[in-house]
């Protein structure tokens, strides 16, 4: 994965018309999902030139490597570590016997919130590369340290610290990947969620022997460190996995700064250089020149001179990026709705997960199959079903006249429906079936949501937009463990609330003003 030149000769898409079969034509590539949103015309013109340059280069070696280090590492980590927390909670509760076990989830969610805010807003100020290289490194270091926690307060603190790294993965990585993708391949942003689903399967398979057979029983009266060492081995395994990911990113892959980010900072020459470097990595050449961008500096409209307007718009210490997301009524509507959708899902998803272990344990005991083998077997089955769900999401978004909005609305609403249905289960197999359906559909939902969100923000404000949606998601996520601390665990009311939130989010999706299908992002 080094940056040595690939000497394989590959034809340019414009010199070989057959390669354009099934791809958007030139007019479609120039189209933007933010039409009529009041984007700075200088920025918009330059972004379209860069979009066409990336499209001319095509989907090549560099983008496929980025697909692995973004999806296989960043997307996977985003789902892996919250699952780690939920899996180790019973063992930690047995050993440390805290008065309020959900405080561990609360600590994690606070860390995720801090990470989303810091890395998301920060990457629009200091660039994508630094955040890209540090987030997984921070996660691995504190994950490994957490394995030696002497008490509940320590593991809670380290969970918050590793989550600061985890919280930055999606806001930063989705921006990076999208900004190097040709417009004809933006659906791959949806396919990335297959790694998100695969992480759940990996975590469950690793946890099965370590947590299933090397931890204290849930109702054990005494539980020593030596008897309960399985969760520590599990954290070590996950921490080492994250360390390998960090090393691959930092030492084996060279990430270039986003050309559109550089252009948005007034660094047109550097943006052109990066485009040519990506073309070289793909075994191609690019016709892009500095003059192709500088021509837009001659736009005579007041307030759109590039050297003045872009510098004024990208001051480091102000709320310019936030104001840009509400610059017109249409943009304000889009930003507000997508934040509200993320907020509803942010409460609904962890709320259900917070109560799911209790529901499964109590009903499993009632059904007579609450053994370690049955519990982990069912979790593996549920995890496996998430992988085709993510792939299906990638197919849904390309259906004509259905697109991102249709796929997101349908999958989100159905996720809520299956949650409601799970409360009707009278047998263990029925409960397993509904949970499989829920996990399958929620993975479709997340696949589309993770793709749609960065697509409706322009590059210069994308990190901020991602940060705001992630922040609304994490703030509402903090409420779930608080509810778990004080709510009545004897009822299914939290599951009903969770289902209602998903259905409400699905209905809000219909109101979103932008449909990015078939349009290159700015």
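Note that Cβ sites are derived from N, Cα and C of the backbone, with glycine treated the same way.
Some features that TrEMBL has for this protein:
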REGION    1-24  region 'Disordered'
COMPBIAS  1-12  compositional bias 'Basic and acidic residues'
COMPBIAS  13-23  compositional bias 'Polar residues'
DOMAIN    64-517  domain 'Major facilitator superfamily (MFS) profile'
TRANSMEM  66-92  transmembrane segment
TRANSMEM  104-123  transmembrane segment
TRANSMEM  130-148  transmembrane segment
TRANSMEM  188-211  transmembrane segment
TRANSMEM  231-256  transmembrane segment
TRANSMEM  337-359  transmembrane segment
TRANSMEM  379-399  transmembrane segment
TRANSMEM  406-426  transmembrane segment
TRANSMEM  473-489  transmembrane segment
TRANSMEM  495-514  transmembrane segment
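Taken together, the residues of the domain 'Major facilitator superfamily (MFS) profile' (64-517) have an average pLDDT of 83. Through the fold, the transmembrane segment (379-399) approaches residues 187-188, 190-191, 193-194, 196-198, 200-201, 203-205, 208, 406-407, 410-411, 432, 435-437, 439-448, 451, 517 of its own chain, all at least 6 residues removed from its boundaries and within a Cβ separation under 8 Å. Within the same chain, the transmembrane segment (188-211) packs against the transmembrane segment (231-256): three or more Cβ pairs sit under 8 Å, each pair at least 6 residues apart. Below 8 A, the CB atoms of the transmembrane segment (104-123) and the transmembrane segment (473-489) form 3+ pairs separated by six or more positions in the chain. The transmembrane segment (66-92) shares more Cβ pairs under 8 Å with 231-256 than with any other stretch in the list 231-256, 406-426, 473-489, 495-514.
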